[in-house]
Amino acid sequence: MQGLNHTSVSEFILVGFSAFPHLQLMLFLLFLLMYLFTLLGNLLIMATVWSERSLHMPMYLFLCALSITEILYTVAIIPRMLADLLSTQRSIAFLACASQMFFSFSFGFTHSFLLTVMGYDRYVAICHPLRYNVLMSLRGCTCRVGCSWAGGLVMGMVVTSAIFHLAFCGHKEIHHFFCHVPPLLKLACGDDVLVVAKGVGLVCITALLGCFLLILLSYAFIVAAILKIPSAEGRNKAFSTCASHLTVVVVHYGFASVIYLKPKGPQSPEGDTLMGITYTVLTPFLSPIIFSLRNKELKVAMKKTCFTKLFPQNC
């Protein structure tokens, strides 16, 4: 991130939830519990997949990669937010702000790319089951995970470089709880702010929409294949293998659409801050719950793993 323009401003101030002083302790406790649950839930999923040989398959390799991404995404944002809820000193250095934006966008886009890869995995499993082991080999799956991570890092670098090459002329208050693009654009000055804003918005929407359309295409083929299965039991079994992934996709893109496709007009900073909770705290919190409850195979394995750790003498 060399060449970033920080000659005018050396630090920013994260306003966060300062508009709700009487709620800050309650918000701290709530977000802390959700954060810990997110970490523990994803770590439990990873430990279960690692310890259960029956789960050593591409579907759960992608799930582990997704869990790692969610842990890193929340670590990039929530600890700083929790610290600010208990502090009156909310300044953040220029480079620290740039780093937070880079990591949050990188892991956020990696999450979207991995969901797309998981959609393709379900498509191959249901529409081409006889070719599954060939199309979803270990090498191929590792390559897809690596490409998802590389794509996320590139997106994070592109967005962060574009924003932090702008000039920030004196104003330092970011009306959000982390270094996000829209509130930072409001602090920027110069003739190129509008061009950068449109360019960054176009890149983000194109990437997210492209991932969503690919997932939609995968499920169009999946639904067509499921409808051809003669027995109701067979159709239910096929659909159950996709239920958890499909639910997470709906949650992920549902909240993303609220943020990126909201109508233009006057927006209160407090409203934008509260809306930011949906994709920084709520979505990562719900994801391990959905996967552990909607995926029967994973749920049974997680119960077995927990029972083994708690009562090893009975195993």
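Even glycines carry a Cβ here, placed using N, Cα and C.
Annotated topological domain 'Extracellular' per Swiss-Prot: 1-25, 76-99, 161-197, 260-272, in sequence order, evidence recorded as sequence analysis. The N-linked glycosylation site feature in Swiss-Prot is assigned to N5; the stated evidence is sequence analysis. Residues or ranges marked as transmembrane segment by Swiss-Prot: 26-46, 55-75, 100-120, 140-160, 198-218, 239-259, 273-293. Swiss-Prot lists 47-54, 121-139, 219-238, 294-315 with the feature topological domain 'Cytoplasmic'. Taken from Swiss-Prot, the feature disulfide bond applies to C97-C189, supported by sequence analysis.
Cβ neighbour count for C189 (disulfide bond): 13 (other Cβ atoms within 10 Å of its Cβ, all protein chains included).
Sequence-remote contacts of a segment are chain residues at least 6 beyond its ends whose Cβ falls under 8 Å from one of its Cβ atoms, and for the topological domain 'Extracellular' (76-99) they are 1, 4, 6, 9-18, 24-25, 27-28, 31-32, 35, 107, 160, 164, 174, 177-179, 184, 280-281.
On its own chain, C97 (disulfide bond) has E11, F12, I174, C179, L184 as residues at least 6 apart in sequence with a Cβ closer than 8 Å to its own Cβ.
By the Cβ criterion (under 8 Å, sequence separation of 6 or more), the transmembrane segment (26-46) is not in contact with the transmembrane segment (239-259), since fewer than 3 such pairs are found. A Cβ distance under 8 Å defines the sequence-distant neighbours of the topological domain 'Cytoplasmic' (219-238), meaning residues of its chain 6+ beyond its ends; these are 119, 122-123, 126-127, 246. Within the chain, the topological domain 'Cytoplasmic' (47-54) has long-range Cβ neighbours (under 8 A, six or more residues past its boundaries) at 60-61, 63-64, 297-298, 301-302, 304-305.
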